Amino acid sequence: MNRELFAAGERLVSPAYVRQGCEARRSHEHLMRLLLEKGKCPEDGWDESTLELFLHELAIMDSNNFLGNCGVGEREGRVASALVARRHYRFIHGIGRSGDISAVQPKAAGSSLLNKITNSLVLDIIKLAGVYTVTSCFVVPMATGMSLTLCFLTLRHRRPKAKYIIWPRIDQKSCFKSMITAGFEPVVIENVLEGDELRTDLKAVEAKVQELGPDHILCVHSTTSCFAPRVPDRLEELAVICANYGIPHIVNNAYGVQSSKCMHLIQQGARVGRIDAFVQSLDKNFMVPVGGAIIAGFNDSFIQEISKMYPGRASASPSLDVLITLLSLGSNGYRKLLKERKEMFSYLSNQLKKLSEAYNERLLHTPHNPISLAMTLKTLDKRCSKAVTQLGSMLFTRQVSGARVVPLGSMQTVSGYTFRGFMSHTNNYPCAYLNAASAIGMKTQDVDLFIKRLDKCLKTVRKEQNKESDISGVDNNDKTEDVDIEEMALKLDNVCLDTCQDSS
């Protein structure tokens, strides 16, 4: 309502009451004006009434919501289901135009504003998270793998002779397929074992650059966030190699925004060397539905070039989801989530360490991985290799999601490439292990319940192994060892019970 409408209302209701309502309305509009003027995430989150008012104001700027609109084109924002229209807050036109995902649509000013504001807020949050010198970014309605493919396809036009992508190995299918889909040949660089950690083999990277020739290499495709015992790549050193040889550098930062360490690596890599773009997932970092990613970088023209490579218009749903989320949280709310995640990492680490020791296992020492942890399963694998995969199945059927059990010697073929020791990021890791991660949004009760269920599963697997040992006639020493393990498990139960009582 504008001033004229409020003035008209004063003829029906007491002017004092109308003025009070007008002031209340202005408080909402003040927040919206600050957002449009500054383009930054508000410090404190908005309430739902302000958010819905803002979205409604934007939506009625799109032509499909004009009262007198007469559409005679093939795409006029018509929606058959009212439920679908409400689900999307009546933003039907999507974002971008046929030639550029970041372009303004003449008949969808509201959706265009939504797109611009979302990109501005996301850029602000990336800076808040630790990459202070990032200059440009945009939300793309594709998950991380396809977003990486878009970056590689953009580089193709800059480097027509290039055939290869140098890729320090990480056993995750989508990032590998992103290179294949773009039409390039991945050059897999095996990691080196340093203590328990798997780290980037910088000598092998540089040797491969010299062997293939810089002109024939599209880019180096590095990784930050990953499953332990692999740790983030040595981004600073890789960035220096890329700068020295004139090779682009694309970083897979899938769930790294939530980690100050991962973001610091990107910031430092850009400072001392070359990083052309870094890609991160929306759902993993901002707790929104799957389907979006952020492509960011330090050169405006290159990021714009990537956005123009996207063919056609795009769904506004990922942009709308992250806009609502960031405005609901505010920068203070997101900072709080980042702080809580760090605390949960320490708590998970301590609890997993106690549990592993109770079963004569140990927590792998991976100090360079700020998100993922790994616990050995040597005693299970030593007795029966099937026990390791059995543990994974048991956890899954007991509604423990996200934990990964990694056996020794598994083989996997991905797009014609065969990986030995798949899931362990190397051909021959010394032992089987179990992964757990402290991701944004995790709560203390999640950790406690996970430890409790893992403890029960380990006990069950051990009991079954003991029965098989008795049947096959193992010697008394082995039986004694199993009894000791059971006694340790019982002691651990008391420790977990005391911990739960203290926390409550």
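The backbone N, Cα and C atoms fix where each Cβ goes, and this holds for glycine too.
What TrEMBL says about a protein is an automatic prediction, not a curated fact.
Record features (TrEMBL):
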| type | residues | note |
| --- | --- | --- |
| BINDING | R75 | pyridoxal 5'-phosphate binding site |
| BINDING | R97, S98, Q105, R313 | substrate binding site |
| BINDING | R271, R398, K463 | tRNA binding site |
| MOD_RES | K284 | N6-(pyridoxal phosphate)lysine |
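Shown on the structure are the features that TrEMBL records.
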{"residue": "R75", "record": "pyridoxal 5'-phosphate binding site", "Cβ contacts under 8 Å, 6 or more apart": "H93"}
{"residue": "R97", "record": "substrate binding site", "Cβ contacts under 8 Å, 6 or more apart": "A103, V104, Q105, R313"}
{"residue": "S98", "record": "substrate binding site", "Cβ contacts under 8 Å, 6 or more apart": "P311, G312, R313"}
{"residue": "R271", "record": "tRNA binding site", "Cβ contacts under 8 Å, 6 or more apart": "T133"}
{"residue": "K284", "record": "N6-(pyridoxal phosphate)lysine", "Cβ contacts under 8 Å, 6 or more apart": "A254, Y255, Q258, A439, I440"}
{"residue": "R398", "record": "tRNA binding site", "Cβ contacts under 8 Å, 6 or more apart": "R453, K456, C457"}
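Cβ neighbours within 10 Å of K463 (tRNA binding site), excluding its own Cβ and spanning all shown chains: 12. Cβ neighbour density within 10 Å is lowest for Q105 among the binding-site residues Q105, R313.
Largest Cα to Cα distance within the recorded substrate binders R97, S98, Q105, R313: about 10 Å as a whole number. The substrate site is defined by R97, S98, Q105, R313, and by the 8 Å test on Cβ atoms against their centroid, the other residues of the chain that qualify are G94, I95, G96, G99, D100, A103, G312. The maximal spread of the tRNA binding site, taken as the longest Cα to Cα distance among R271, R398, K463, is 55 Å.
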